[in-house]
Amino acid sequence: MTSVMETYKRLGIAPVEGRGSWLIDERGDRYLDFIAGIATNSLGHGHPALVEAVKEQAEKLIHCSNLYRVPLQEEVARMLTEATDFDRVFFCNSGTESVEAAIKLARRHAYRTAGPEKHEILTFTGSFHGRTYGGLTATAQPALHEGFAPMVGGFVHAPYGDLEAARSMVGPRTAAVLVEPIQGESGVNEPPEGFLAGLRELCDEHEALLIFDEVQTGVGRTGHLYAYQGVGVVPDVVTSAKGLGGGVPVGAVLAREEHAAALTPGSHGSTFGGNPLAMAAARAVLGVVREPSFLEEVRTKGAILKNGLRELAARVPGAQVRGRGLLLGLELGPELAPEVFRRCLREKVLVNLVGGKTLRMAPPLTVSRTEVRYALCTFRGGVEALMEAAPAEAVVA
Ligand SMILES: *Cc1c(COP(=O)(O)O)cnc(C)c1O
């Protein structure tokens, strides 16, 4: 029995230590961590640059509040703006908080330029934007809304990837379109070619802000500092969190000057947001991840993993590989996926089962090529063992 609220379906494993891409549990068993705190431990576990930064800052100053200037915030904001198309950063503590801030920024910008009628936010089915009321309302998954009504007003939802549906829902009332460049939580879904560029055009046409929720895809995850940089569509606002602090809670919203100006002093804030400890962690992470050679290596390791998964998928009818960089999904169907997942767990390789039919992989960005191959061997072994047990006609030789 535990006194912790039962808000999670947890596995029995209890990791208490980590080294690089490996977690060590209470019993001393080692696991290859191919989910990395859900795309959060970007530098793996115990990375010396991050550990030193946090230790040193903890000794100096942990927190001081936003009543004062926080030089480390200015430094991290500069690192982020220099490496992207944005001019200003707001710091918070989580993904859902970064989504809240982006929604508030978009609505206030629309209010100041066009008036209160322009307040609608368009989001997409299968999305995930967090658990607070704004983020939850934006999350177009009815199952997650159950029992929590009424939701926040002024949100509309279109099918992910359906540009025509989006077109019919964007108009003069639209303040913003909020979209994940790759949907993480609902199974690593990539939009069809041209969808994000089409949303960019729609937003330009109706003077709505295009917000990319890059809480999962950001900070090097797709082999670019932010995924938009690999897609070639520049949004107006980007939300960031998960990998940004390498495990220390940090969230951020990136915007251009003309939009950021909508959040005037006193209109938004956070007690913990951007505190020195969090900023020291983000500075250490960005110091490593923003290096072009590091990002190139993420793309290379991502390609090795994706090619291996594709070879595997070619042997399973209906199987699919999706994603970019080191955010990949292997869809194996509702029968095979849970079995392979359980086998991986027995073999001590940690992945995540999403939607009951897809294995999601998000290893540390620092994972070695050897560890990638080791994981691939485990996935292959799992699929082969289960296919042998299955009827012969299910196997495409
Ligand atoms: C995880 C996630 C969130 C929520 O982040 P929290 O830190 O759990 O609040 C929001 N958006 C996306 C795209 C995510 O993947």
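Placement of Cβ uses the backbone N, Cα and C atoms for every residue, glycine included.
Database features, via TrEMBL:
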- Gly95, Thr96, Phe128, Asp213, Glu214, Val215, Gln216, Thr271: pyridoxal 5'-phosphate binding site (BINDING)
- Arg131, Ser270: N(2)-acetyl-L-ornithine binding site (BINDING)
- Lys242: N6-(pyridoxal phosphate)lysine (MOD_RES)
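Among the binding-site residues listed (Thr96, Asp213, Glu214, Gln216, Ser270, Thr271), Thr96, Asp213, Gln216 have a CB atom closer than 6 Å to some atom of ligand 1, in sequence order.
Distances between the Cα of Ser270 (N(2)-acetyl-L-ornithine binding site) and those of the binding-site residues Gly95, Phe128, Asp213, Gln216 are shortest for Gly95. Taking the Cα atom of each, Lys242 (N6-(pyridoxal phosphate)lysine) and Val215 (pyridoxal 5'-phosphate binding site) are about 6 angstrom apart.
Between the CA atoms of Arg131 (N(2)-acetyl-L-ornithine binding site) and Val215 (pyridoxal 5'-phosphate binding site) there is a gap of 13 Å.
Around Asp213 (pyridoxal 5'-phosphate binding site), the same-chain residues at least 6 positions away in sequence with a Cβ under 8 Å from its Cβ are Gly95, Val99, Ala102, Ser127, His129, Leu178, Val179, Glu180, Thr239.
Note: Glu214 (pyridoxal 5'-phosphate binding site) has non-local neighbours Glu180, Pro181, Tyr226, Ala227, Tyr228, Val238, Thr239, Ser240, i.e. same-chain residues 6+ apart with C-beta under 8 A of its own C-beta. Neighbour list (Val215 (pyridoxal 5'-phosphate binding site), Cβ cut-off 8 Å, at least 6 residues apart, same chain): Gly95, Ser98, Val99, Gly130, Thr239, Ser240, Ala241, Lys242, Gly251. Taking a C-beta cut-off of under 8 angstroms and a sequence separation of 6 or more, Thr271 (pyridoxal 5'-phosphate binding site) has the following same-chain neighbours: Ser65, Asn66. Most other Cβ atoms within 10 A: among the binding-site residues Thr96, Gln216, that distinction falls to Gln216. Shown in sequence order, Thr139, Gln141, Glu180, Gln183, Gly184, Glu185, Ser186 are the residues of the chain, 6+ apart in sequence, with a C-beta less than 8 angstroms from the C-beta of Phe128 (pyridoxal 5'-phosphate binding site). Cβ packing within 10 Å was compared across the recorded positions Arg131, Lys242, and the lowest neighbour count falls to Arg131.
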